[in-house]
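Participant: Dropping the structure in here first, questions after.
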């Protein structure tokens, strides 16, 4: 491998890592602001103008808090839990195509860290690993509430991963590839051959199932049972304090960012935007606008996550399981059948 | 038996129809309600910078008044303390000495006058009881503090500022 490529990828990784962390940081701020606006309040406004330094203040607070490790906890695992949670949250962004190629001089830079041909499977694998962070943390805390939260998280994630995987199968039947880069390329522009190119318009039901499962996978309301305050004190992170707690909370927001990016890439055309090649812009400009378009979609989805959180009450546990196993999985299978029929008819 | 008012309504719980069971229309409805609130003016205010306007007869912090020549009106008659349902007011009377005519209006005055703001219920009965128009609840809200003893306000906080200052 040539050195320039290593440097290029290293810079790209650093930028994407930074962007995911900053987005997650500002998601905590946005969450509080959105909650406030939806409830006719003002929200955090003390730190800086409109409170924009609130995430920094929160971070400083988290770092300076006393670190409490319960004597009855299993030492090493207690530390591994949050580390694993944040690690798996961060590595998911590696396969997402953030844009097309940038040409600088004679060098063509691909705005994707790596284009592995099983991109979606990689993301599924990483997301499944994420639940281990929660499980290990909940187990190591040696606290009944933490354990209950961890068990809930594990069973919830396993149940919803099935429906999520099935909804993806229907999509893959249309795309014929697992590579996220190719899936994004197939959705080029907005309109082609008499129909929308974005996968949402071919797979509306699949998208619905996918987004519901994404809510469950990221442990967001209305599926936030692993940490539901009213029943389990704090759920799996009851015993955590200081930056370990911060990591857990942070991992949730990074997961939200990644799943928004995945949804945008799979169903809403990724970096594609309408008329991208009819405006007569230079290739580099189109790429940059594409990145902006992708982030606009991601931000919309993050907003949607928050919007739903402050609208819908939490599911009861049996309702959650009913929805997962008795509704979403049959629906996802029906979606596969329907997709097969339609794909055969409208070849 | 016939009911007296005929206002009774018997509600039947019907089984949910398909769309109700699908939740999604209800969720969309809920989302549309919350997004309407997103664009509404906030109902709260940024308190220390902005303050709500009090009504004219709002009963806030007490102040001991002075007359038009700047003399304290209070004569320590004790009617306010007597009328106080929360027993928040205590006072010790003092006799005016020669040469203090500019400070106190009558021959008797309150040497010590204390109101416990934690006991006070801001009913305004002291104001009504006062025959000398010496106490009014025309101030702001009571500021917060750390210690209970600091909520016992003496004359230093209660008496109005002198006229010539």
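Quick reminder: no glycine exception, Cβ is built from N, Cα and C everywhere.
For reference, TrEMBL lists these features for the protein:
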TRANSMEM  A:6-26  transmembrane segment
TRANSMEM  A:75-99  transmembrane segment
TRANSMEM  A:119-141  transmembrane segment
TRANSMEM  A:162-180  transmembrane segment
TRANSMEM  A:200-216  transmembrane segment
TRANSMEM  A:245-268  transmembrane segment
TRANSMEM  A:288-307  transmembrane segment
TRANSMEM  A:327-346  transmembrane segment
Participant: Name the range, of those listed as A:6-26, A:75-99, A:119-141, A:200-216, A:327-346, that has the largest tally of Cβ pairs under 8 Å with the transmembrane segment (A:162-180).
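Facilitator: Per the Cβ under 8 Å count, A:327-346.
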Participant: Between A:245-268, A:288-307, A:327-346, who has the most Cβ pairs under 8 Å to the transmembrane segment (A:119-141)?
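Facilitator: So the stretch in question is A:245-268.
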Participant: Tally Cβ pairs under 8 Å between the transmembrane segment (A:288-307) and each listed stretch (A:75-99, A:200-216, A:327-346), then give the stretch with the top tally.
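Facilitator: Highest pair count goes to A:75-99.
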Participant: With Cβ-Cβ distances below 8 Å as the criterion, list the same-chain residues six or more beyond the ends of the transmembrane segment (A:245-268) that contact it, or say none.
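Facilitator: Cβ under 8 Å, 6 or more out: 20-21, 23-25, 27-28, 31, 59, 62-63, 81-83, 85-86, 88-90, 92-93, 96-97, 120, 123, 127, 130, 133-134, 137, 168, 171, 180, 183-184, 198-200, 203, 206-207, 210-211, 214, 217-220, 236-237, 294, 297-299, 301-302, 305.
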